[in-house]
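First up is the structure itself, then whatever we jot down about it.
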There are 2 protein chains.
Amino acid sequence: MPENRLWIGALGGVTEIGKNMYFIQYGDDIIVVDCGSKFPDESLLGIDLIIPDISYLLAHPDKVKALIVTHGHEDHIGGIPYLLKQLNLPLYASSLTLGLIESKLKEHGLLRQTSLHRIDSESILDFGSIKVSFFRTNHSIPDCLGVVFDTPEGTVVHTGDFKFDMTPVNRQYPDIHKMADIGKKGVRFLLSESTNAERPGFTPSERLVGTHIEEAFQKADRRIFISTFASNVHRLQQIVDAASLTGRKLALLGRSMVNVVGVSQELGYLNVPDGMLVEPAEAAKLPPHEIAVLCTGSQGEPMAALSRLANSSNRQMEISTGDTVLLAANPIPGNERNVARIIDNLYVLGAKVIYGSRSELHVSGHGSQEELKLMLTLMKPEYFIPIHGEYRMLHHHRLLAEAVGVEGDKIFLLKNGELVESAGGVVRQSGRVPAGQIYVDGLGIGDIGNVVLRDRRQLSADGILITVITLSQSDGRLLNEPDTISRGFIYVRNSDKLIEEINQLVVATLEKLNQADLGQWNVIKQTLREALGKFLYEKTKRRPMILPIIIEV
Amino acid sequence: MPENRLWIGALGGVTEIGKNMYFIQYGDDIIVVDCGSKFPDESLLGIDLIIPDISYLLAHPDKVKALIVTHGHEDHIGGIPYLLKQLNLPLYASSLTLGLIESKLKEHGLLRQTSLHRIDSESILDFGSIKVSFFRTNHSIPDCLGVVFDTPEGTVVHTGDFKFDMTPVNRQYPDIHKMADIGKKGVRFLLSESTNAERPGFTPSERLVGTHIEEAFQKADRRIFISTFASNVHRLQQIVDAASLTGRKLALLGRSMVNVVGVSQELGYLNVPDGMLVEPAEAAKLPPHEIAVLCTGSQGEPMAALSRLANSSNRQMEISTGDTVLLAANPIPGNERNVARIIDNLYVLGAKVIYGSRSELHVSGHGSQEELKLMLTLMKPEYFIPIHGEYRMLHHHRLLAEAVGVEGDKIFLLKNGELVESAGGVVRQSGRVPAGQIYVDGLGIGDIGNVVLRDRRQLSADGILITVITLSQSDGRLLNEPDTISRGFIYVRNSDKLIEEINQLVVATLEKLNQADLGQWNVIKQTLREALGKFLYEKTKRRPMILPIIIEV
């Protein structure tokens, strides 16, 4: 590829929600924006986490000048430790974002070796051919940045995640005048996030949630339990304020809640009155109307605090009749059933539960259609690349861009890895770099592929049947009865007769093989798999994995 | 239990959505209402279906006088074949319900042996101490019945599933005057469904959907594909009407769609103009504006017609740029991701997709809070048992009942199997009968229990590691290198070294055992499981199932 060209691409984050990772390259300078992770869906059995494929960056380690992180959510920072283990590069982020990344790097033993740079919306960075500046945006976590890249092929703007909250809880107002200036000077390419592109209107201010939290605190006469996303520091602040107003102490349950409250207090993003925070053990002794408990688990995670409270299996606190439980978060698609189960259990305990969209205890952190149009109007880009969304969201964002005047053929809906190129002012979609899903399972990164997942799927549905046959080394004769064992296939107490029939079938199948076949273990195994598979499917309409093992003595 | 008592209980359907099955017993007369099935959630690996535990009925085969079926949805009829295989009893249902049950019994080879009785809202049945009559309700399938039981302990009313649709598509108006009469005469116990007890207001009429379907048909200039629940015959009728109005032929894709359209046409519940239905192959040849395709798969089922169309893997039809796709059904909780994936794929194909609650292409078949209060007001029961719902729904239904004047201590929130008893006018919750989840997996009914499921869960997350050791029968000496195989654990190409280390560990572990232990296979196996489990967790942070197999030669 010639040097004097600009490339824009995503290594993650388009046609998906999660693992955001974008890059801008001009000549020998590559700047990476974000490095997120994503949670696996239920088809990826046993997988803990998905991270982006960074092989393009690993192939050009000298060109990668910086990782800029727009904000501290997992889908933007979750992949950073895995990236830094393979590629040591300087990292730039705002104060809170950096605080959250540091806890992560500490866990992975990477803190010392990494060059961390604190920036804010006024910072200006110079990476050779690319100059970088920033603007402040609002989102469901403080300290979010949009990024402006000045390149020889014009200005590229990456919005990060945003909404336009004109009454933000922490008074970090959106840099709307700066955005207008950027747009006025001329934006060649806009990359803007698409999460709520299907949603009409304007997302309500986070303050709306505060009003309803305060109301609920005023009404409650016994203990209050409230669960939300730990990273939503604005909401945590409003919970602290409501507790303060109603004279309640606050206890924290859940590791990530303790961590985020600690980091954001330390960095000045969360103001908690002195003496308000108490340990759960201490809280348990206070009168019910003097305590509020802030806990993790708003997505129904089975091991998190709220789920344990609902099952009465939390060791430190318990929920009893008349307590109020607030779910200040909507379930993310896929989590509805787990959350519903928790609500059921809370009602069984006699709690008053306040939940669901009608309770207005949650607003989105992402701008709706009118806000996406406002960003497009402020930036008035020549070219538009909708990012951060599944295909239908990108599609709807395209329609919004067309509605405010961007020409249809200047909008690119990219897949991960696909590139938009600008060379001497000529823009086109061109070429691609490797991109994909890297699975993290335990300590293994990328060692689980389709074969292992296919096996796990078969094992999960119908289990396994193992039959061990012992052959004589001298004449290939069967020395023992076959030894047949199953797991996850059929209840053992019911299977004695079936196992006996299987063993008979194994012996009969081996007897039918001729001497030449008996020398070839692959032929024996394949023949046994087919015979047993057919027999078991007819008997049970199930297809366990069948694993013949040959032992030669 | 003495004879002169009334019992009311659920074998399925309370504290859950699905597998509805209730019974009313007076002395030696048991009447069963509905026998539904339920789909397993993602934790029940490999399970095909869940049905109620009917052991209480099997213990009293002579007392069970009848199965009355309120309507033809799977959560009310799906368990019938499994019940009838074990207990041959007369079945009473309205015309369409019976039609749908008959297709099911035919599949299971049960049609001939079963005594089927067609009833309608005017029928009166006499089962000794219990007389049964009916009233008509509206729901998302025609021919729904509420059931009235006259017993020596007073009148028991079971609503079935219902909404109050004052402008029903098929002019089957709700029997509101009859309900008023029943209430006026006095209802001792009301069992009323709770699906939408959390939802304020009044559920809109099915006609609202018709308006929006018609609008979409008017606007479309190429092919129309529309997917909905096959059993929603009202909606099918409105689709037929829209096609007729806009001069389109109609093709059917999907087995259940073909089945329901056939049954409901035959029984007069669906009026399709002559010559309108065409085979998909024929439809594919017609000009795009002359065809509409009605297909299954509105819940994102991966093998159903809509999913295949979206993946361009349907053999008979394909979707191309400019076609319109209508999703006339909301995703049931748990199905959101699959439905979203289909919408993404449809946009990639260039289709216009109309979906989501804002499109108003779906209304619920269940009454909202105002309708539940209307039913409670019409029936003005002395005792109330909310049924058909998860705990939070039953809880909210209880609050509604209290709001319209039912006394709090006369409301029973039952678990499956728990009984309400009325003896000589004295009512109390008392005793229980067996109730639970019976899993259907392939041909097996109830043969999968917690052990098999626990094994499947472990296998699904981390796979299995099998190590075969061959011991000498004479002296317990290890005869061969251990033979170690894994599936679903780790990618084989990366595991050569690991397997070697495992084999060394097996040999070392066996060497440490003393002669006495070597004689006890359980001790050998347990020791190997512990040693290998610890080693593998340290190496990989995974916990595969470890299965040592000992062969003695």
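Positions of Cβ are set from backbone N, Cα and C atoms, glycine also.
A TrEMBL annotation is a machine prediction, not a hand-curated record.
A quick note: this is a predicted structure, and the numbers were derived from the prediction, not measured.
Ca(2+) binding, as stated in TrEMBL, involves B:Gly46, B:Asp48; the candidate among B:Asp323, B:Asp344, B:Asp409, B:Asp441 given for that site is B:Asp441. The Zn(2+) site recorded in TrEMBL comprises B:His71, B:His73, B:Asp75, B:His76, B:Asp161, B:His388 together with one of B:His60, B:His139, B:His177, namely B:His139.
Proximity to chain A (Cβ-Cβ distance under 8 Å) holds for the following recorded positions out of B:Gly46, B:Asp75, B:His139, B:Glu193, B:Ala230, B:Asp441: B:Gly46, B:Asp441.
Here is what falls inside 10 Å of the CA of B:His388 (Zn(2+) binding site) among the recorded positions B:Glu193, B:Asn232, B:Ser364: B:Glu193.
Cβ proximity to the Zn(2+) site centre (mean Cβ of B:His71, B:His73, B:Asp75, B:His76, B:His139, B:Asp161, B:His388, cutoff 8 Å) flags the following additional same-chain residues: B:Asn20, B:Asp34, B:Gly36, B:Thr70, B:Ile141, B:Cys144, B:Gly160, B:Glu193.
The recorded positions close to B:Ser231 (substrate binding site), defined as a CA atom within 10 A of its CA, are B:His73 out of B:His73, B:Glu193, B:Asp441. Neighbour counts were taken at the CB atom with a 10 A radius for the binding-site residues B:Asp48, B:Asp441; the maximum falls on B:Asp441. The two recorded residues, B:Asp75 (Zn(2+) binding site) and B:Ser364 (substrate binding site), show a Cα separation of 16 Å. Closest to B:Gly46 (Ca(2+) binding site) in space, going by CA atoms and restricting to the recorded positions B:His73, B:Glu193, B:Val363, B:His366, is B:His73. Counting only same-chain residues at least 6 apart in sequence, those with a Cβ under 8 Å from the Cβ of B:His76 (Zn(2+) binding site) are B:Asn20, B:Asp34, B:Cys35, B:Gly36, B:Val69, B:Thr70, B:Asp161. Counted over every protein chain shown, other Cβ atoms within 10 Å are most numerous around B:His139 among the binding-site residues B:His73, B:His139, B:His362.
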